[in-house]
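I'd like to ask you about the structure that follows.
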Amino acid sequence: MAGYISDDTRKVTTHRLVEMKQRGERISMLTSYDYTMAQIVDGAGMDVILVGDSASNVMAGNVTTLPITLDQMIYHAKSVVRGVKRAMVVVDMPFGSYQGNEMEGLASAIRIMKESHADALKLEGGEEIIDTVKRIISAGIPVMGHLGLMPQSINKYGTYTVRAKDDSEAEKLIRDAHLLEEAGCFAIVLEKIPATLAERVASELTIPIIGIGAGGHVDGQVLVIQDMLGMNNGFRPRFLRRYADLYTVMTDAISRYVSDVKNCDFPNEKEQY
């Protein structure tokens with residue numbers, strides 16, 4: 001079945017995302033970490049490309065997102081920005097780059113923006129980081145919030161289970177979402193929370209709510225690209241829809257290349273100078 005390709009070549013901005021919510025148009029968002037993949041994702045009509053700290057997992061093989069550094073995030077962000085013409089590029093601020101105090105967070109934010117030429121940043125947390133969020137936004141840097149399951153806090157929670165299932169945590173999430181909007185965030189990611197709660201947040205806020213494992217009654221969806229392309233063979237969470245099985249496709253292609261080299265079938269006469 002043919003996919004969706006936008007004929008609108010205008011650069012996606014924070015204002016356009018808000019307009020999309022207002023007219024009921026869903027926002028598409030995927031991760032990318034390198035130039036080649038970013039070109040493909042942008043060319044396919046993606047609205048937002050997230051240079052996620054999930055690069056720590058899918059690119060570097062770490063168990064959590066915690067080890068990735070500011071320098072490494074800037075490297076990935078630079079590579080992605082070079083490959084993008086239309087999509088908005090949002091960069092995750094890595095663990096340790098903004099949790100200390102607001103001035104350290106601002107310095108990290110300015111460095112990412114100056115060196116990568118990205119369009120916006122994403123931070124995990126609510127009330128506990130609100131002063132940092134305000135400081136970054138006051139410097140003219142657009143900020144996307146992130147609530148619910150927050151992978152940078154995995155050592156606090158101990159598990160990647162669904163968050164905000166009890167009333168107290170759900171009410172805190174709602175309060176935090178309003179605080180982030182009031183602080184000036186242009187959008188919020190809600191990760192792995194009950195669909196009814198995500199729907200409530202999306203209905204109460206005027207800014208876009210992007211879900212990952214947060215149901216279908218939000219303003220957009222985000223996934224890790226390796227997951228939706230089926231490159232991580234053993235990763236099959238309930239919220240994931242796999243649009244390809246690239247693990248099998250790539251393994252087959254590589255094994256055929258190995259076979260051709262071993263059997264002296266590659267290169268042939270037409271593939272030589």
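Cβ atoms are placed via backbone N, Cα and C, with glycine included.
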According to Swiss-Prot, ASP53, SER54, ASP92 bind 3-methyl-2-oxobutanoate; so which of LYS78, LYS114, LYS122 is the extra one listed there?
LYS122
Take the mean position of the Cβ atoms of ASP53, SER54, ASP92, LYS122, the recorded 3-methyl-2-oxobutanoate site. Which other residues of that chain put their Cβ within 8 Å of it?
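So the additional residues around the site are THR31, LEU50, VAL51, GLY52, ALA55, THR65, MET73, VAL91, MET93, PRO94.
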Just checking, which of ASP53, GLU124 (binding-site residues) has the fewest C-beta atoms within 10 Å of its C-beta?
GLU124
Counting every protein chain present, what is the number of Cβ atoms, excluding its own, within 10 Å of the Cβ of SER54 (3-methyl-2-oxobutanoate binding site)?
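Here the count is 21.
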Among the recorded positions listed here, ASP92, GLU191, whose Cβ has the fewest other Cβ atoms inside 10 Å?
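With the recorded positions ASP92, GLU191, fewest surrounding Cβ atoms within 10 Å: GLU191.
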For SER54 (3-methyl-2-oxobutanoate binding site) and GLU191 (active site, proton acceptor), determine the Cα separation and express it in whole Å.
13
